[in-house]
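Report on one structure; see the data block that follows.
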Amino acid sequence: MVRLLSLKKLLLVYFVMSTGALLWLILNFGLFCHASSKEEETLLTKTKELRHWEERLRRRERDLQKKPQEDASLPTIYAIMPTHTRHVQKAELTRLAQTFLHVKNFHWILVEDSDSQTDLVTRFLATCGIKHTHLNIKTPENYQLKETDPNWLKPRGVEQRNVGLQWLRENLDVGRDKGVVYFADDDNTYSLQLFDEMRHTHGVSVWPVGLVGGMRFERPVVEHGKVVRWYTYWRPERPFAIDMAGFAVNLQLILENPQAKFELRVRRGYLESSLLEHLVTMDELEPLADNCTKVLVWHTRTEKPKMKQENYLIQAGRPSDPRIEV
């Protein structure tokens, strides 16, 4: 009987000790596994971040390899471009940047129609890979187009282009800096050939513009190598019946004539003439694009997106996430 009780006690002690040991192993092994899982998760996160930055670096290297190298022998093209906040702004700038990346010695002067430089444009320029200058100036209220106004009712981009000209005159020197000034727009489409042709402009060069003025194209008419008249429907008697996208000016001509600028108070269609009359005569114009017979720039104008459903969601208090930049 004593032997039986002793055996029971021994078995009980063994059972308790075994159970305790097992619980200890389970608890400690579980904690170890949990800690290991956390460490593995941290390691995986760091690895993903590292791979992300490696991929960004590789993409950046590929972009730099694709981008034409600067050539000190080539004049710089200074493209002054007004831009304003709207739904398609970033899409337009992205499309244009992918064209400008292929142009050697290109300096993008982007001027916002705003009281201050916006975060969207600032972030975009920081990663676009193009040499740039970021400026801003607000169009006077009485010259701003209303939502229902036709785009020809008031001159657009006047103050912005003049600020771009002012920057050139304050930062570049007569006789030292060589280049060409072009007045681009963020809703146009440009052939790379256009930049090759305009780069060696001596005074003011001109060419056709497609899909403008309600016509397939407008153009200077050239006879014996000289511009003699303008092919356009709207007031062909204008001194320079030409679109903003249809000419470039030698930088020295801009620097040597500080009085030359765009006038805010001009009749419809006379904005280009308000600048060019200070710089050149029709007889001095340099026709490009095969004597102004080839279209290398177009007024494509991205369609204004319809925001009907977005407006419904705003009214319902459920707008799309404003942190997602479009």
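We number each residue from 1, going along the chain as drawn.
Cβ atoms here come from the backbone N, Cα and C positions, even for glycine.
The transmembrane segment annotation in TrEMBL covers 12-32. Annotation source TrEMBL lists Mn(2+) binding site at ASP187. Here TrEMBL flags GLU218, GLN309 as site 'Interaction with galactose moiety of substrate glycoprotein'. Feature annotation from TrEMBL assigns active site, proton donor/acceptor to GLU272. Annotation source TrEMBL lists N-linked glycosylation site at ASN291.
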Pairwise CA distance, GLU218 (site 'Interaction with galactose moiety of substrate glycoprotein') versus GLN309 (site 'Interaction with galactose moiety of substrate glycoprotein'), rounded so that it is a whole Å: 38
Using Cα positions only, nearest of the recorded positions to GLN309 (site 'Interaction with galactose moiety of substrate glycoprotein') (ASP187, GLU272, ASN291): ASP187
Pairwise Cα distance for the residue listed as 'N-linked glycosylation site'/ASP187 (Mn(2+) binding site) [Å, integer]: 25
Euclidean distance between Cα atoms of the residue listed as 'Mn(2+) binding site' and the residue listed as 'active site, proton donor/acceptor', Å: 18
Candidate with sparsest Cβ neighbourhood (10 Å radius) among GLU218, GLU272, the listed recorded positions: GLU272
Recorded positions listed as ASN291, GLN309, least Cβ neighbours within 10 Å: GLN309
Count of other CB atoms lying within 10 Å of the CB belonging to the residue listed as 'Mn(2+) binding site': 17
